[in-house]
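What TrEMBL records for D:Arg48, D:Arg54 is NADP(+) binding site. Taken from TrEMBL, the feature FMN binding site covers D:Arg125, D:Ser126, D:Ser127, D:Asn238, D:Ala239, D:Gly278, D:Lys293, D:Pro294, D:Thr295, D:Ser296, D:Ser297, D:Arg319.
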4 protein chains.
Amino acid sequence: MSGNTFGTLFTVTTFGESHGPAIGCVIDGCPPGLLLSEADIQPELDRRKPGTSRHVTQRMESDTVEILSGVYEGRTTGTPIALLIRNEDQRSKDYGNITETFRPGHADYTYFQKYGIRDPRGGGRSSARLTAPVVGAAAIAKKWLFEQYGTVFRGCMSQLGDIVIPFESWDHVAHNPFFAANTTMLPTLEAYMDALRKAGDSCGARIEVVAENVPVGLGEPIYDKLDAEIAYALMGINAVKGIEIGAGFKSVAQKGTEHGDELTPQGFRSNNAGGVLGGISTGQAITASIAIKPTSSIRTPRDSIDKAGQPIKVETFGRHDPCVGIRATPIAEAMLALVLMDHALRHRAQCGDVRVSLPAIPAVIDRAATTD
Amino acid sequence: MSGNTFGTLFTVTTFGESHGPAIGCVIDGCPPGLLLSEADIQPELDRRKPGTSRHVTQRMESDTVEILSGVYEGRTTGTPIALLIRNEDQRSKDYGNITETFRPGHADYTYFQKYGIRDPRGGGRSSARLTAPVVGAAAIAKKWLFEQYGTVFRGCMSQLGDIVIPFESWDHVAHNPFFAANTTMLPTLEAYMDALRKAGDSCGARIEVVAENVPVGLGEPIYDKLDAEIAYALMGINAVKGIEIGAGFKSVAQKGTEHGDELTPQGFRSNNAGGVLGGISTGQAITASIAIKPTSSIRTPRDSIDKAGQPIKVETFGRHDPCVGIRATPIAEAMLALVLMDHALRHRAQCGDVRVSLPAIPAVIDRAATTD
Amino acid sequence: MSGNTFGTLFTVTTFGESHGPAIGCVIDGCPPGLLLSEADIQPELDRRKPGTSRHVTQRMESDTVEILSGVYEGRTTGTPIALLIRNEDQRSKDYGNITETFRPGHADYTYFQKYGIRDPRGGGRSSARLTAPVVGAAAIAKKWLFEQYGTVFRGCMSQLGDIVIPFESWDHVAHNPFFAANTTMLPTLEAYMDALRKAGDSCGARIEVVAENVPVGLGEPIYDKLDAEIAYALMGINAVKGIEIGAGFKSVAQKGTEHGDELTPQGFRSNNAGGVLGGISTGQAITASIAIKPTSSIRTPRDSIDKAGQPIKVETFGRHDPCVGIRATPIAEAMLALVLMDHALRHRAQCGDVRVSLPAIPAVIDRAATTD
Amino acid sequence: MSGNTFGTLFTVTTFGESHGPAIGCVIDGCPPGLLLSEADIQPELDRRKPGTSRHVTQRMESDTVEILSGVYEGRTTGTPIALLIRNEDQRSKDYGNITETFRPGHADYTYFQKYGIRDPRGGGRSSARLTAPVVGAAAIAKKWLFEQYGTVFRGCMSQLGDIVIPFESWDHVAHNPFFAANTTMLPTLEAYMDALRKAGDSCGARIEVVAENVPVGLGEPIYDKLDAEIAYALMGINAVKGIEIGAGFKSVAQKGTEHGDELTPQGFRSNNAGGVLGGISTGQAITASIAIKPTSSIRTPRDSIDKAGQPIKVETFGRHDPCVGIRATPIAEAMLALVLMDHALRHRAQCGDVRVSLPAIPAVIDRAATTD
């Protein structure tokens, strides 16, 4: 499998660069018979798209998606579904000064060393813009998983720079540009971002993502553990530097008597596992958390080198997100959905006729237990 | 690709259960002509094997490896290399009481729900014993990478339960049962483990792993980013709940002016990136850190259910590691080595004739910058 | 790997249906730095496109290709190359009568039974139109292979129905609608096709394809033998029912003393192997031959059933190729090129640093030996 | 996917060389709960093993199989099943003269050029001995397919050298060393082989293989068509040079009115398709035919070169099959079974909940129609 295809059975193959004519993807392995149109996909793309608040890049892209194949009379046919999104607001001239130098912390340098050539316009293929097709593909996965199992995906920002954002309610997430599950902190977040922009600097963020109503039994124990594939999927998002499943790094200081989630006929007592044991879903909520680094394209001058290897000061102008974490929540949900979709199909392949007498233990959805 | 094969070009397919007749693996894609014998592999297996101190399981396994194929007159031939390790110390009677119940925090429950059947002897396939073949396979990868690029792998335990273990020197790692890069803390660690065993409890750990002398340019940008594949590989190790690359979760609170590693002709100024930018190696050291949860098999009674779904108290006797993290260091090194080996071959496939005029920037190996 | 992606390292993922808005593909793994524009691809598409003589379907498609990604300033960047071809001449009304019945010998029936739904317009995804993106992708492979090794691909029709077409010269192939390497038979072929059309019937064909200047050493011995992958690639072309490599079925009646191609310092004495021994290329020409069945969409009424399982007479009107073999030559070349490209990269990955003292034996390109 | 793993979901990864310590394989993706022991596998291995008549190699191997994993209390657990077969009758001294020269028509030359090193003992990995693990793996697939669908696999030799062997009855196949579905020809075949051996020569063969009771709907249309994967699987068998599905090369001279199998509520009228339309199974018998070339290891002297590139006469002594086709029937059945098993799981993954109102049309198993 080459690097640009995600998944084993439900696969997504993307293409495109930030300032090329178009971006998109081919989704293969979708079960037939699913009702599907652009109206199922566009809302997810709209959640991710740029230009929706002053805290993100001001590039104007409608991210209008066109389904090119795989749907007949409103239903999926089982053949590949191609999604096409034309780029509308390329401004290649903004990037003239970037072509000869390498931004500290940016893929500029590694692409050039690997390929001997790079498309410098807007970061080329390394741009976070390339997450749009993935979000589109995941809209299909989300729909199918919801219809099959009632699976629901949610996410929120839980930290912006050094500001921790306490969880109040999922209801808040859709109503602020930060995807914060919180209203009281919003003025603080806005002020923080305004100061950051003024300073010509950038910051990191922490995002949480949760999938509820996941069937028990998804995952392949060695090596395609469900959590291993989630880690792969989330670490593959631009700027991610850390992943936690369930209790994550808190597990280090836990005792076994504390960490192991007790089982009762009424449900699990806690969810330190984050919904995965031995690489297989428990039926509890899948919970994950990611660390997103600060954007490398900043106005503040920094030391670097040019293509001739000479020292140079680099300042980056043009349109950039001062915190890519702000738009990362729908992307993290999308990657999680793709993993679950793929494993739902893989599980059905091998274990489609397994009948277990023991009913699945109810999930205990308890945010206190799962994410704090 | 089915779940039990790791890698794209340098692949490892494992088999076996904790108490079956044997465990092993098939390694495919190894370049021909490499000098190889069991003597290259056994030392790595010995680092991981059980029974070497009172702080780990007392199961006695020599983990003697036999090469069944792929080597002729002392050199690899390019055909699959099969490794076989016979299990020597199975005691299935120890596990009689486990067969009807599910340990909290253990894969018992998920395996049973997924497959409708499970091998309860020693955890069956979910046992950490299954990391032995991987460590064996990685010994080959390590040898090849060292010969090609001088790549060196190192790892250590940096936290045991709530005890942080300051880094003193790599030289200490081989001389204590904890893989601690430290001597002064050893009495504290010993006392902690002795108390834990007496209490019938278990604890977590944090492991760090580093690869030095990694060539620039390894990794496939979307989705098989080098860091995404490292995250997948490390999260696939038994009991791992969190992964960090480079600055990891500290990135969240960093500013762009702090995080982005400046480039100079003399080398990078820091390594917050952990050796990966945009999914591609920078030529700096690859640094990663993992969180390992406490073992679920403990003597302390805990609430659970039996196969009929009835509530029951579960206590686990038999031989278990009270902290699986103690033997995890060579495993983490192994998984990292397999990822780098696979990507070294993948890179050569696509970019084998790329010639770049800019020399690679020297790595700055600076533990202060990389891991603290 | 899901069904719609071809290849391991140089991969082609196609999408589209005969009468949907567009067809296309994503090509991944292309080495960077290759000069590439639409002008390199369009000529291959033009060889395959419909409507170029009275002996093929009269559907009018320009098959104009657009490169959406993966090329910057005229060179490949190593990122995925997406090709888009808009469908221009859909006439869905022609196919109204097909939607409720199944044509004998057509994928109508199997698609419906597999997916429970099918796109009946022009055969949907089962249409030979879907070979266009593959031909486009292979144009890139051909260019790279020619630049690296001087590899050249040629093909011709060697039998039309029961008319054997003797080989005269490759020079003739481009100058007749049948891709015949022959001029003297052309009136016979034209008359045969005219009579066939008048009769409302269809016929089969045999196509030969050859790759010259293939380096020695390509192929993975078990199971991805070069000839196994060629068989897979060619059998995947619409309507193919048989494959031969080298002497093919003639090998059955050969003795070992006759079949085994003798080696001399000046070259091989024959090419019964068709350029592959033990699954690995010998450096001689790769030669293959395929059997193409007669088209199933014919005007002559035939017995079948409808979607309710009731007996019915089926006659197919609309635009169809009376012999899909007529346009199959560039498709067969394309599939062969994709296999060789993929294996060239795979070989470089594993054996990129192998140095052999024995020079490759010269190929003996001798049509008498290879194809008769 | 690396070269030594077969399949997408039901995968077989083999290892071993002809004269190494052992051969074997790892089978991954087997559904759990299947009753399985060595007694299910050994009979298939016994059909293929050497030394059972004077017409095959006199090497004495019991081919005793040991299951190393994946089975608990007599049932598959869903984890990888490893099979081990120790080599018992290696005689490396027989092959001393082979190490410095290349046999015409043998993989000697291509392995050496590819890898720069080869294991010359008994052909190393290129030996037909490596089909034993595959036959073992396929025994599991056959058992599962029979239990699920009643699928039955049969095969026979239909031509030996230039002697066509008319089909009389499947009942005869098990009662002669040639796997001939015929008794009257046996004296002719025996005499032919005796003369061949005396002459120090070898010959080819044609093998037919059939799978009955295959469910409708298996196969992925582009590119993993069922027939494409069968072609790949069969062409991957040692010495195969040609493949036919259904009418095969006879399709070339057929008209559409003759070739297309008419459908009636009572069943198909013929099976020119060989059970596959558009890459998907029709529910009729899958029928395939393969051409096997004459063995390259013969006593008759032939021209070749040595490792220094100098001309030399090569004669091969030691133990060799004068017609590898004689033992090829169970191997061809095995490869077909592996393809169907893999696609049965793949189909269930994507289309596991498809419900079609139209019942599958009965298969018409009619040898006259299918294979002549």
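Backbone N, Cα and C atoms are what each Cβ position is placed from, and that goes for glycine too.
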Cα-to-Cα gap, D:Arg125 (FMN binding site) vs D:Arg54 (NADP(+) binding site), nearest whole Å: 24
Chain C neighbours, filtered from binding-site residues D:Arg48, D:Arg54, D:Arg125, D:Ser127, D:Lys293, D:Thr295, Cβ-Cβ distance under 8 Å: D:Arg125, D:Lys293, D:Thr295
List of the binding-site residues D:Arg125, D:Ser127, D:Ala239, D:Lys293, D:Thr295 facing chain B, defined by a Cβ pair under 8 Å: D:Arg125
Cβ packing number for D:Arg54 (NADP(+) binding site), 10 Å threshold: 11
D:Arg48 (NADP(+) binding site) versus D:Ser127 (FMN binding site) - Cα distance in angstrom: 14
Whole-number Å value for how far D:Arg48 (NADP(+) binding site) lies from D:Ala239 (FMN binding site) (Cα to Cα): 16
Residue among binding-site residues D:Arg48, D:Arg125, D:Lys293 with least C-beta crowding, 10 angstrom cut-off: D:Arg48
Sparsest-packed among the binding-site residues, when each Cβ's other Cβ atoms within 10 Å are tallied, from D:Ser127, D:Thr295, D:Ser297: D:Ser127
Spatial separation of D:Arg54 (NADP(+) binding site) from D:Thr295 (FMN binding site) - C-alpha basis, Å: 16
Rounded distance in angstrom between the Cα atoms of D:Arg54 (NADP(+) binding site) and D:Lys293 (FMN binding site): 20
D:Arg48 (NADP(+) binding site) to D:Lys293 (FMN binding site) - Cα separation in whole Å: 18
Number of other Cβ atoms within 10 Å of the Cβ of D:Ala239 (FMN binding site) across all protein chains: 24
Span of D:Arg125, D:Ser126, D:Ser127, D:Asn238, D:Ala239, D:Gly278, D:Lys293, D:Pro294, D:Thr295, D:Ser296, D:Ser297, D:Arg319 around FMN - largest C-alpha separation, Å: 44
